[in-house]
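Undergrad: Quick paste of what TrEMBL says about this protein:
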type	residues	note
BINDING	ASP43, GLU227	Mg(2+) binding site
ACT_SITE	ASP43	active site
BINDING	44-48, HIS60, 89-91, PHE93, ARG96, ARG208, 214-216	substrate binding site
ACT_SITE	ASN92	active site, proton acceptor
Amino acid sequence: MKSCGLTQTSTTYVYNTIIESIRNILISMSKNLLPKHIAIIPDGNRRWAKSRGKSALEGHKFAIEQTMSKLFDTIQELEIPFCTIWLLSPENFVKRSKGEVKNLLFLLKFFLKKKIKELDRKGIRLKVIGNMHDLPKDIQDELNKAIETTKSNSKTTITFAINYGGRDEIIRTINKILKNNKSDSLNSETFSEYLDTKEIPDPDLIIRTGGEKRTSGFLPWQSEYSEYIFLDTLFPDFTQKALRDCVDEYLKRMRRFGK
């Protein structure tokens with residue numbers, strides 16, 4: 001007589017499906033508590049590649065074309081309106097080889113050329129923060145084209161932090177304020193209006209992959225009340241489920257905002 005019981009594999013599948021369904025229901029019920037802005041420090045591409053006998057270029061390629069694209073899908077599924085991802089810091093330009101930086105910028109340019117129509121169709125608006133003036137002209141042109149193409153979208157705002165450093169942003173902000181003769185009436189609100197992120201709410205949740213437990217100067221002004229999650233996971237291995245787990249962890253925390 002044949003057994004009609006479930007196999008261990010099918011039981012595991014059913015269990016995971018039920019858990020995922022329950023999680024989706026709870027998230028739906030908790031939408032008002034969801035983070036409005038998630039910022040990501042995607043660390044670990046080169047270590048991921050090295051552990052697999054691959055080049056740094058292959059690590060960055062996988063991170064941009066696979067990991068990042070899937071995370072954007074999850075951000076939209078969760079209906080989180082803002083996401084910022086830190087792609088390059090000024091220190092990266094100085095301390096990494098010119099070849100690696102050139103390759104990373106090429107991958108970003110290729111990603112935009114390949115994906116811009118899809119992102120636009122999904123209602124994604126692209127923005128850039130950081131010192132764009134020091135980027136190669138072809139990269140500036142491609143970024144400006146993407147910004148212009150998606151500027152009318154409002155469903156999700158994805159911000160690329162490129163050649164972005166927290167100290168650099170603050171110095172540039174001060175210079176803009178001085179140039180506009182606003183220093184006499186300077187307060188935190190006025191200062192925020194001159195930041196790169198002036199049209200973006202402060203991040204509720206900042207996630208750093210790769211095992212390091214530091215902020216590295218990412219959004220220092222904007223992260224006063226941000227929740228942080230530091231993961232050992234290398235960024236190319238940062239899955240859609242891992243992002244959902246981070247949102248679950250965020251929902252368990254009680255934010256006090258200085259109270």
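Just so it is clear, glycine is given a Cβ too, placed from its N, Cα and C backbone atoms.
Just so you know, TrEMBL annotations never went through curation; they're auto-generated.
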Undergrad: Would you mind listing, in sequence order, the residues at least six apart from ARG214 (substrate binding site) in the same chain with a Cβ closer than 8 Å to its Cβ?
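TA: Counting only residues 6 or more apart in sequence, the Cβ neighbours of ARG214 (substrate binding site) under 8 Å are ARG208.
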Undergrad: Excluding near sequence neighbours, so keeping only residues 6 or more apart in the same chain, what lies with its CB under 8 A of GLY44 (substrate binding site)?
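TA: Looking at Cβ-Cβ distances below 8 Å from GLY44 (substrate binding site), excluding near sequence neighbours, one finds THR209, GLY210, GLY211, THR233, LEU234, PHE235, PRO236, ASP237.
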Undergrad: So for TRP48 (substrate binding site), how many other CB atoms are inside 10 Å of its CB?
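TA: Step by step: centre on the Cβ of TRP48 (substrate binding site), count other Cβ atoms within 10 Å, giving 25.
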Undergrad: Using a 10 Å cut-off on Cβ-Cβ distances across all protein chains shown, tell me which of the recorded positions (SER89, ASN92, SER216) has the largest neighbour count.
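TA: Top count of Cβ atoms within 10 Å goes to SER89.
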Undergrad: What residue among the binding-site residues ARG46, ARG96 has the most other CB atoms lying within 10 A of its CB?
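TA: Going through ARG46, ARG96 one by one, the largest Cβ count within 10 Å is at ARG46.
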Undergrad: Roughly how many Å lie between the Cα atoms of SER89 (substrate binding site) and ASP43 (Mg(2+) binding site), rounded to a whole value?
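TA: Answer for this pair: 12 Å between alpha carbons.
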